[in-house]
């Protein structure tokens, strides 16, 4: 029995560009929340007195939420027959839970301090409540993110799916950059104490307000069709799809298995970088950089000042990655870049430069291997960095490897899916990465009206997740959404299964990286962080903190894993 629907999906707006912007602007709000979580939550948890070893276990929420929340929310929403639609109710409800998590997280010390007079008990209770609030925040923002992405798919015809995917990626890139950039500002200087007396509190309010505003804009601008009766196969549930993915995982084609192995070892290195890069920069400042540390002596919000320094490093990183997402397709041989080459103007300096460099362009596999080596080198350098400028350089240098990391595996996976698909004439691949950079060839059937002349025939897309922890799109773990427009083709089923498996190979290494971090932190820094704890050296006159930087050790170990990925990438070329 086929599903029956009431109404038709529609988006308010006079032009295609306006409609796409209104449909996808909620994703910018989602990414701003991710940016706050990435830049501030690790140093904030340390400031409450949490040890690094325990904090590393707390961050297991990333892969958990990516593996659990998005599929479950997607399955429930798919079967929803609410009169307001299948996606918007979950977007709004999830946003309210995000707000609750953010506000409790920001004011937890104040709330507990009023209720519990004993300092040690209050500190422990503050940590417990903050961790619970972080879990509520992470699971809720994943639910909002999954619903926002699904709304794009639901509301657009097949011919506009690629344009919608491109606009979604643009909004994610904008939200990611703006989120990190706002994190570098002194909010108390701008707003005073209107929204709180610390940087953390003000950013909690700002993040929630932005998310709520963007979600409401999308919800008001979009009308969904309403599910009246479900398809018979929909009653099979989520577990049928999960069993299919699990069974297929143990019988992968050779080249797809190789892509998954590369992805696995690469994510062991990338996950600690995403979680701890801000904290790493802050610790370099506190441990080694005397000149930068001296400027904190008169600060009334040391945590906010340190986190702003770390956020600036992430601004550099995201800017370089964004630039790389637009330039790399011109400089590297790949199926997508060949499509791009055919569309560019035959005149101009840029065309001449690209033609001159044509014979020197590496293939995508070689470029990805080089990107692995670049990232691993940056992670090894963290052991020797002794200044904020050096730490910012190391973090920023990872922008290009991230752009390659979020492009190459999906390009190769699409190539293999098409090779295995029964229909060899399907487009190269139609998918989007929900947490990182993605490059897609647009379908040739996209209408070019008067209001769509600003849409590229080839769109480079960047989604910096979180640097995504939850799913590519956090930092949250890449969760992948199949954007296939042809719903009845065999390739669509293949792409859904194999991209789901690729998502699993992004989540599993995050568990591995979590336990590596726990072991290192437990060995090298078993107690509270002297750089961030409220009664540590930061508050005791800014004394220099010595010893081995455990975060740098974790990052360097991740670099070793990424070198394994580089070796496997070179082998992949020969398969």
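Quick reminder: no glycine exception, Cβ is built from N, Cα and C everywhere.
Over in TrEMBL, the protein carries these features:
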type: TRANSMEM; residues: 16-36; note: transmembrane segment
type: TRANSMEM; residues: 56-77; note: transmembrane segment
type: TRANSMEM; residues: 89-109; note: transmembrane segment
type: TRANSMEM; residues: 121-141; note: transmembrane segment
type: TRANSMEM; residues: 203-222; note: transmembrane segment
type: TRANSMEM; residues: 262-285; note: transmembrane segment
type: TRANSMEM; residues: 306-332; note: transmembrane segment
type: TRANSMEM; residues: 365-385; note: transmembrane segment
type: TRANSMEM; residues: 392-412; note: transmembrane segment
type: TRANSMEM; residues: 497-524; note: transmembrane segment
type: TRANSMEM; residues: 545-566; note: transmembrane segment
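The stretch in closest packing with the transmembrane segment (262-285), judged by the count of Cβ pairs under 8 Å and taken from 56-77, 203-222, 306-332, 365-385, 497-524, is 497-524. Tallying C-beta pairs under 8 angstroms between the transmembrane segment (392-412) and each of 121-141, 306-332, 365-385, 497-524 places 306-332 first. Long-range contacts of the transmembrane segment (89-109) within its own chain (CB-CB distance under 8 A, at least 6 residues past either end) are made by residues 26, 33, 36, 41, 44, 48, 73, 76-77, 80, 82, 122, 126, 129-130, 133-141, 143-144, 147-148, 151, 196, 198, 200-201, 203-205, 207-208, 211-212, 215-216, 218-219. Remote same-chain partners of the transmembrane segment (203-222), defined as residues 6 or more beyond its termini with a Cβ less than 8 Å from a stretch Cβ, comprise 9-13, 19, 22-30, 32-33, 36, 40, 88, 91-92, 95, 98-99, 102-103, 105-107, 144, 148, 151, 155, 179, 182-183, 187, 195-196.
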